[in-house]
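**Student:** Encoded as structure tokens, here's the structure I'll be asking about.
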Amino acid sequence: MKQKLAVLGMVCPFPLIEAKEAMESLKSGDELEIDFDCTQATESIPRWAAEAGHKITNFVQLTDASWSITVQKK
Amino acid sequence: MYLTKDNRMFYALLIAISVQSIGVFALIQMGLIQFQAGEFNWLATILGSFIFGIGIILAGGCATGTWYRAGEGLIGSWIALFGYMGMSAVMKSGALSPVNNSLKGISTPTNSIPATFGLSVWPFIALLALITIFLVVKQLRKPKVFIPSLPPKRKGLNHLLFEKRWHPFVTAILVGLVALLAWPLSEATGRMSGLGITTPSANILQYLVTGDGDKYLNWGVFLVLGIFLGSFIAAKGSREFRFRAPDAKTAVSSFSGGILMGFGASWAGGCSIGNGLVMTAMMTWQGWVSLFFMILGTWAASYFVYVRPRASAKKKAAVYQTTTA
């Protein structure tokens, strides 16, 4: 199952906080696609995912200052 | 940092302070620059720094952070910056200057930590350097986790400058060196202090309003304009620039954060740079006390802004679920 989290327009650190919360409601193996445009999160979201042991299945820059990352729950 | 409980940024700050401290006191020793610690307005520093810390959370970044985020095209930071510049100018030379000066009388005669103990400054610098090295080594020895990053699209210098994320500790050394260079460079223009953000920010507004360039245009003004320009170039180069408008709620919170930061920094005699990076390196009570209370302020504010509203929202959701179940 893939869930989408639209946090475009949210300022840091809210995208990360939202992602952590959304992750809690997911089951193992589910994916969370996060679209965001706060620059800090390009570092903070992958770092959080890596340290929590989740897998990153996709990470791309969409346009100027906007990115999309997909995290699979461990 | 405060929310994610990430200590790396605090260690990075210690590195920048140590580098600068060693350098500046070496320059003083050689008689190249002068520094007077002055007196320590402890009450104003404590209250101001705490208020400044609250402002950081509301504005979504400290004074410097607000400047460079403004350069990345975040309209919310422009709003915060405006509140910050306005309030500092009001405190420093405007209607609130009596408030600004009201607490200045409550002080201890010496601001310098070594002078209080009647010692040379070097043992303190050595202690700071040792603690920093210990913490950094401990941090670097931790097992590394692989952190996935965006696939590189550029090569060579272009990749290094605009794409690759620099290790915070490397950046910290560079920041320390910049802060160190700021002393002789600004001294050359007749300005006897290190890096600063608050006074220059206020100076811009004071200059624009009064037109008195001799009094208000100085090294610091060009420094903060440089931060703005530099972050714009960096963001544009790394494709991270875009005008981004906040919603009404964020705009209001940015504006009030800016006002609190301007008010707090004026009272405390410095912001996270002036006190947290420079006055700490100068081994003054003002720097370290201010740093402590700034961190306390951000903790208090993040509890009320982030942690509590979310906890109560969760509680409500739980109650709702049990009633509908």
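For all residues, glycine too, the Cβ spot is worked out from N, Cα and C.
Straight from TrEMBL, here's the annotation block:
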{"type": "TRANSMEM", "residues": "B:9-28", "note": "transmembrane segment"}
{"type": "TRANSMEM", "residues": "B:40-63", "note": "transmembrane segment"}
{"type": "TRANSMEM", "residues": "B:75-95", "note": "transmembrane segment"}
{"type": "TRANSMEM", "residues": "B:115-137", "note": "transmembrane segment"}
{"type": "TRANSMEM", "residues": "B:166-185", "note": "transmembrane segment"}
{"type": "TRANSMEM", "residues": "B:216-235", "note": "transmembrane segment"}
{"type": "TRANSMEM", "residues": "B:255-279", "note": "transmembrane segment"}
{"type": "TRANSMEM", "residues": "B:285-306", "note": "transmembrane segment"}
**Student:** Let me check one thing: do the transmembrane segment (B:166-185) and the transmembrane segment (B:75-95) come into contact, meaning three or more Cβ pairs under 8 Å with sequence separation of at least 6?
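**Tutor:** Stretch pair does not touch.
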**Student:** Where else in the chain does the transmembrane segment (B:115-137) make close Cβ contacts, counting only residues six or more beyond its ends and a cut-off under 8 Å?
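**Tutor:** Residues packing against the transmembrane segment (B:115-137) from afar: 11, 14-15, 17-18, 21-22, 25, 37, 169, 283, 285.
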**Student:** Between the transmembrane segment (B:75-95) and the stretches B:9-28, B:40-63, B:255-279, work out which stretch tops the count of Cβ pairs under 8 Å.
**Tutor:** B:255-279
**Student:** Could you pull out which residues elsewhere in the chain have a CB under 8 Å from any CB of the transmembrane segment (B:9-28), counting only those six or more residues past its ends?
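**Tutor:** Same-chain contacts beyond the flanks: 1, 34-35, 121-122, 125, 128-129, 131-132, 135-136, 139, 168-169, 171-173, 175-177, 179-180, 183-184, 194, 276-278, 280-283.
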**Student:** State the non-local partners of the transmembrane segment (B:40-63) in its own chain: residues 6+ outside its ends, Cβ under 8 Å from one of its Cβ atoms.
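**Tutor:** Residues 69, 76-77, 80, 83-84, 103-104, 106-108, 110-111, 197-198, 201, 250, 253-254, 256-269, 271-273, 275, 284-286, 289-302, 305-306.
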